[in-house]
Amino acid sequence: MAKVNLTLVTEFLLIAFTEHPERGLPLFHLFLFIYLFTLLGNSGMIILIRMDRQLHTPMYFLLSHLSFMDICYSSVTVPQTMAVLLEHGAAIAYGRCEAQFFLFTFFGSIDCYLLALMAYDRYVAVCQPLLYATIMTQKALLSFVAGAYVAGLLSALVRTISAFSLSFCGNNEIDFIFCDLPPLLKLTCEESYTQELVIIVFAIFVIPACMVVIVVSYLFIIVAILRIPSAGSRAKTFSTCASHLTAVLLFFGTLIFMYLRDNSGQASEKDRVVSVFYTTVIPMLNPLIYSLRNKEVKEALKKVLNRVKTS
């Protein structure tokens, strides 16, 4: 077969949501509002946890790290999306695309591990309350969180090296809001079977592995709650898990749609909407979920507001 000369890609062009230029400015303002709310909400959650002694518990220690990850996770993609909307398409250099891909995978993986750790924390609190202080020590917490960061780093390195070992040539348009693996694989000019396997391996070792921990933890929690004789006590015990369970369903539901299915074919409008949800909307919703559905957080917030009023 004759070889075809194709120009190697040195930059990519993000073109998601540019088919309707008149929507660019309204969407830009919407994304800007969501991003600012995400920064304020998650920063406020971190500050609140640090200021209130009642929130100096393992659950809120993990939540503070989740809030920090949400800030980082959102910051990797949302400013780039706003540039695409404002300019009706934006060029992104090859190296910058690679860096964005790495950081997105890094922060996203840590988010998954932290949600799994929070499920384990709820399991110990509900099913082994007498051993809670012994199991969830400060040393254990630091080890858990350090392990999540290291695992996230390894996932990001393997996935990034694998993806960007491919050659991209010819078409450089990415019909997506950021540099992610499924749309990048559509632009490669060589066999990408190995890289597609990486998607599966990444999915197996991050998403389902974390989901197994979460599902098993909540199965034990449900059994323990059903054994409580008082209906009021059952409701009170379950309420301590409701916020985390809501966050888990939202986050993993969208990730499953994006990564545990066939990624062949062109990116659809549905793909782009789902990607916006898990990269932009969920980081904004998490502070609301934990503040509106959590009595301890609401009480801590009232204390801080009262201090501000009296000062």
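Placement of Cβ uses the backbone N, Cα and C atoms for every residue, glycine included.
Feature annotations, courtesy of TrEMBL:
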type: DOMAIN; residues: 41-290; note: domain 'G-protein coupled receptors family 1 profile'
type: TRANSMEM; residues: 27-48; note: transmembrane segment
type: TRANSMEM; residues: 60-79; note: transmembrane segment
type: TRANSMEM; residues: 99-120; note: transmembrane segment
type: TRANSMEM; residues: 140-158; note: transmembrane segment
type: TRANSMEM; residues: 197-226; note: transmembrane segment
type: TRANSMEM; residues: 238-260; note: transmembrane segment
type: TRANSMEM; residues: 272-292; note: transmembrane segment
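Between the transmembrane segment (60-79) and the transmembrane segment (238-260), the number of CB pairs under 8 angstroms, six or more residues apart, is fewer than three, so the stretches are not in contact.
Counting same-chain residues at least six beyond the ends of the transmembrane segment (140-158), those with a Cβ under 8 angstroms from any Cβ of the stretch are 58, 61-62, 65, 102-103, 105-107, 109-110, 113-114, 117, 198, 202, 205-206. The list of residues near the transmembrane segment (197-226) in space but at least 6 beyond its ends in sequence, with Cβ under 8 angstroms from a Cβ of it, reads 105, 109, 112-113, 115-116, 119-120, 122-123, 126-127, 155, 158-159, 162-163, 181-182, 234, 237-238, 241, 245, 248, 252, 255-256, 259-260, 263.
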